[in-house]
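Trainee: Checked TrEMBL, it gives:
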| type | residues | note |
| --- | --- | --- |
| ACT_SITE | Ser78 | active site, nucleophile |
| ACT_SITE | Asp177 | active site, charge relay system |
| ACT_SITE | His208 | active site, charge relay system |
| BINDING | Phe10, Met79 | substrate binding site |
| DOMAIN | 4-212 | domain 'Serine aminopeptidase S33' |
Amino acid sequence: MIGVLCLHGFSGTPKEIEAISSHLQSKEGWLVYTPNLPGHGSKEGMREVTYKHWLYAAMVSIEELLERCEKVYVIGFSMGGMLASFLAAKYPVDRLVLISSAAYYLNPKQLVQDVRAWMVEGFQKPLFDEELYQFYKKKIKETPIMAAYEFTKVVKSARPLLKDITVPTLIIQGESDGIVPPKKSAEYIYEHIQSDDKRVYYIQNAKHYIWFGKEKEEFLQTIDAFLTEEDTPSLEHEDLG
C-alpha cells in the first residue's frame, strides 16, 4: 500500500487541500491522510497551541503511515510544505511534494485579494461564492498575532534541515503567488536540499492556491506524473512552467 500524508497551510484546514487529497484517494491501493493541525479551525484554538504542536502532529501522522504502508509520500502546502520538509529530513519517506511552500514568510493580506480576484475571474463558479470569500477574510482577520509568530518558528525550524533532504522532491510554485515570494522561496528550497532528483515546476499565472484556478488540471497531472513514475537518475533543474 502507498501512504500519502497531505499537510494543509497556516490557519487553514484539510478542506483547503481537499482537491488534492480527493484526487489521490481515487487511486487504488493508496491511503491518503489529511490531518487537521492542532488549533486550526478556530481563533480560540490557535491561541492555545505552539509550532511544536504542529510539528508533533505531523510526526505522529507520518509514523503511523510508515508503520502501515510500503511506500510513503508527503505533500505539503504553504506552511504545510515546511512541515513536510521537516518530516522528509527526519523520516524515511519515499517522495516529497512541496506546493507554494513558505520558505519565506507569508503575506496574508494578499490572500484576501487573491480570493476576491478568483471570484471576479469566475473560475469554478460553484466554489467561489460570497460564503467562501467571507470564510477566508474571517480566517485571516481572526488569526491571532501570536499564532502568526508560531508560524515563523516552523519556518525557522525547517529551513536548517533542508540540507538533510535526499528523497526525490517536486517543488510546485505559481508564478503569480502574492502570498509566498515565488522565485525566492522555490529556488531557496531547490538550492538547499541535497536530493539527486529535485525539480522546480513553475505554473504561469497561478496564485498561492494553484488548484483554485484554471491551472488545476495541469497542477494535478504534474503531481500524478511525479508520484507514479519509477525512480529516476539525477535530474538537472528545469523551469517547466
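Each residue, glycine too, has its Cβ placed from N, Cα and C.
Any TrEMBL annotation is an automated prediction that lacks curation.
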Trainee: Between Met79 (substrate binding site) and Asp177 (active site, charge relay system), find the distance joining the two CA atoms and give it rounded to the nearest Å.
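Mentor: Roughly 14 Å, rounded to the nearest whole number.
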Trainee: Give the distance between the Cα atoms of Asp177 (active site, charge relay system) and His208 (active site, charge relay system), rounded to the nearest whole Å.
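Mentor: One finds 5 Å between the Cα atoms of these residues.
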Trainee: To the nearest Å, how far is the Cα of His208 (active site, charge relay system) from the Cα of Ser78 (active site, nucleophile)?
Mentor: 8
Trainee: From the Cα of Ser78 (active site, nucleophile) across to the Cα of Phe10 (substrate binding site), what is the distance in angstrom?
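Mentor: That comes out at 7 Å between the alpha carbons.
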Trainee: Have a look around Asp177 (active site, charge relay system) and count the other CB atoms within 10 A of its CB, chains all included.
Mentor: 24
Trainee: Give the helix, strand or coil assignment DSSP yields for Met79 (substrate binding site).
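Mentor: SS state of Met79 (substrate binding site) = helix.
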